[in-house]
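Chemist: Dumping what TrEMBL says about this protein:
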- 17-219: domain 'Glucosamine/galactosamine-6-phosphate isomerase' (DOMAIN)
- 63: active site, proton acceptor (ACT_SITE)
- 129: active site, for ring-opening step (ACT_SITE)
- 131: active site, proton acceptor (ACT_SITE)
- 136: active site, for ring-opening step (ACT_SITE)
């Protein structure tokens, strides 16, 4: 596990992009795993300015809210199109289908996509409770893509993107922890003081399902990029 401390979110985002650009130019990235939320927004803003060619790169996303259509402004389909896909060409892009009527079938289908397109680099953020993707504390390390009941703390953190708190979905589809760990390389971004405790537990705590990100200690190639505030408890 490599830890990179940076001054702020912009410097950290640029550092992550440098690593990914180099890997793409070296032909090491056929599939790039993407994340959503506020953490990677600056990374995507820098990514669209890059001159690296991604036309032969496939993308897969970690998660999507259950019940939201792709054109819903609060969906992760919309988020990805708005911040990245409308501005940069990729070969193909996959996200879970929030409108799927059969949750079990949708999860199995998405896992098939991941098997067809094994992830070379997976980008992650981290929740204040240590969640990765929407894998909340207590999620099995053997989990594959599944339907998740979102915790109150996660819904609280995400309500800023919605008009009313009651509009925040109660469930999401998420790549499982095992699905995430199957990536060849993982880059985790963490910015801000609210992430400091989770980062401390991820790096220095025991590997425990109560801090899902702690499982990254068992991965052979993880880079954690933090700003000064997120690193403040290390």
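Placement of Cβ uses the backbone N, Cα and C atoms for every residue, glycine included.
TrEMBL: automatically predicted annotations, no manual curation.
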Chemist: Applying a 10 Å Cβ distance cut-off over all chains shown, what neighbour count does residue 136 (active site, for ring-opening step) have?
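Modeler: So the number of other Cβ atoms within 10 Å of residue 136 (active site, for ring-opening step) is 21.
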Chemist: Which of these active-site residues has the least crowded Cβ, counting other Cβ atoms within 10 Å: 63, 129, 131?
Modeler: 129
Chemist: Report, in whole Å, the straight Cα-to-Cα distance of residue 136 (active site, for ring-opening step) from residue 129 (active site, for ring-opening step).
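Modeler: Here the two Cα atoms lie 8 Å apart.
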Chemist: To the nearest Å, how far is the Cα of residue 131 (active site, proton acceptor) from the Cα of residue 63 (active site, proton acceptor)?
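Modeler: That comes out at 12 Å between the alpha carbons.
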